[in-house]
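S.K.: Below: one structure in C-alpha cells.
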Amino acid sequence: MNHRETDIGTREATAGGCVSIGKLKLKNPFVLAPLAGITDAPMRRICRQMGASLTYSEMVSAKGMYYGDRKTEKLLALYDDEGPTACQIFGSEPEVIAFAAEKLEQYGHALLDINMGCPMPKVVRNGDGSALLKDPVRIERIVAAAVAHTTKPVTAKIRIGYGAGENNAVETAKAIEAGGGAAVAVHGRTRAQLYTGKADWGAIAAVKQAVKIPVIGNGDVTDVSSARAMMEQTGCDLVMIGRGALGNPWLFRDLSRDWQGLPPVPPPSLPEIREMLLRHLDDLTGWKGDYTAVREMRKVCGWYIRGIPGSAAFRRQVNQITDVDELRRVIEGL
C-alpha cells in the first residue's frame, strides 16, 4: 500500500501522502471507528499513538448535550495530547443537532460526525441511528443544520441500507453531500445484518463513484492485506477500523508503515502485550477511577489475549478481581 502506488483523490501530491477531510489534514488514511462503550479517551490515545491518523469518540447523545446531561459531557472530554479526534453524535431532530454542533465548538474535537448507522433497538426506536436511512430528506436537513452551526467539518457514518437486502447507500450519501457534509463513512452492512455476514464492499465502491466528497470504507478490515483489498476494490479515500483494532492497536502501526512503504515488523510479543495491558489499565484508572477501570479491564484483557495459550484461565482470574493493585500484579505475571 505504498502511497506512491495508490491513487487516492483527497491525498495531496506531496511526500507523506496526506489525506484531507474538509480543512482537516491527516497523516494517513487509517482511522479508528466510533464504538459505543469502547472508544473512550484511553483507547483513542493508544490507537493514535500507534499510528491512527484520526480517532472517533463513543456515540454521544445530541439530546443529552441539549439537556446538559453530565454523563454525556464526560464523553466529550479529551486528553491534551490526543491529536485529531472526531466527536460522533446521534439524534434525528435538526434543531437539536444544530444545538449540539454549536456546543461542540467549546471542545477540542477536529470534526463532527453524525451517526446514521447504529443498529441497536433502543437507538432505532427513537428514530435515531440507522432509522434515518429510511428518510434521506431528513438526513440532508440534519447535516445542513449541523454545517450551519459549526466551523468544523461535518461527516456522517451510514450503513448501506435498513432492511435485509436493501441498499440505498448512494441515495443516502448524496443526501449527506447535498447537506454540506465533508465526507461519508460507509459500513458495508445493512441494519438488519447487525455485525453478521460479510460487508458489501461493492456498495462502498458504488458510493465512491456517486459522490465527490471523500468516502471512508468500513467493514471487515482486520489486517494490512484486507485494508489494501478494501482500498483497491472500493477506491475509498480512507479506511475505518473498529472491531479489528480491539486488543490490537498495533494494527495502526502496521498500516502506517505499509502506507509509507516501510517493511513490516514482527507481531507484538507477549511482553509487549503485557506492557500495553498495564498502560491501558493505568490510563483507565486515571480517567475513570479504580472501581470502573478494574471492571472495564475485564473486557479489555479478553481482547488483548485472544489466541494466547492459557488465555481462558487468565480471563477467569481477571473476571474475579475487584482491586486495581491485584489486577496489576496478575497482568505483570502474564
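Along the chain as shown, the residues are counted starting at 1.
For all residues, glycine too, the Cβ spot is worked out from N, Cα and C.
According to TrEMBL, the feature domain 'DUS-like FMN-binding' maps to 32-327. Annotation comment: TrEMBL describes Gln88, Lys157, His187, Gly242, Arg243 as FMN binding site. Look at TrEMBL and you will find Cys118 tagged as active site, proton donor.
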S.K.: Within 10 Å of the Cβ of Gly242 (FMN binding site), how many other Cβ atoms can be counted across all chains shown?
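M.R.: Looking across every protein chain shown, the total is 19.
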S.K.: Which chain-mates of Gln88 (FMN binding site) that are at least 6 residues away have a CB under 8 A from its CB, listed by sequence?
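M.R.: Spatial neighbours, sequence-distant, of Gln88 (FMN binding site): Pro34, Tyr56, Ser57, Glu58, Met59, Val60, Asp113, Ile114, Asn115, Lys157.
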S.K.: Whole number in angstrom, please: the longest C-alpha to C-alpha distance across Gln88, Lys157, His187, Gly242, Arg243 for FMN.
M.R.: 17
S.K.: Any idea what the model's mean pLDDT is for the domain 'DUS-like FMN-binding' (32-327)?
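M.R.: The predicted confidence over the domain 'DUS-like FMN-binding' (32-327), as a mean pLDDT, is 96.
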S.K.: Work out how many Å separate His187 (FMN binding site) and Cys118 (active site, proton donor) at their Cα atoms, rounded off.
M.R.: 10
S.K.: In whole Å, how far is Gly242 (FMN binding site) from the residue listed as 'active site, proton donor' when you measure between their Cα atoms?
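M.R.: Spelling it out, the Cα of the residue listed as 'active site, proton donor' and the Cα of Gly242 (FMN binding site) are 13 Å apart.
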S.K.: Should Arg243 (FMN binding site) be counted as helix, strand, or coil on the basis of DSSP?
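M.R.: In three-state terms, Arg243 (FMN binding site) counts as helix.
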S.K.: Does Arg243 (FMN binding site) have same-chain partners at least 6 apart in sequence with Cβ under 8 Å from its own Cβ, and which are they?
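M.R.: Set apart from Arg243 (FMN binding site) by at least 6 residues yet with Cβ under 8 Å, we have Leu35, Tyr195, Thr222.
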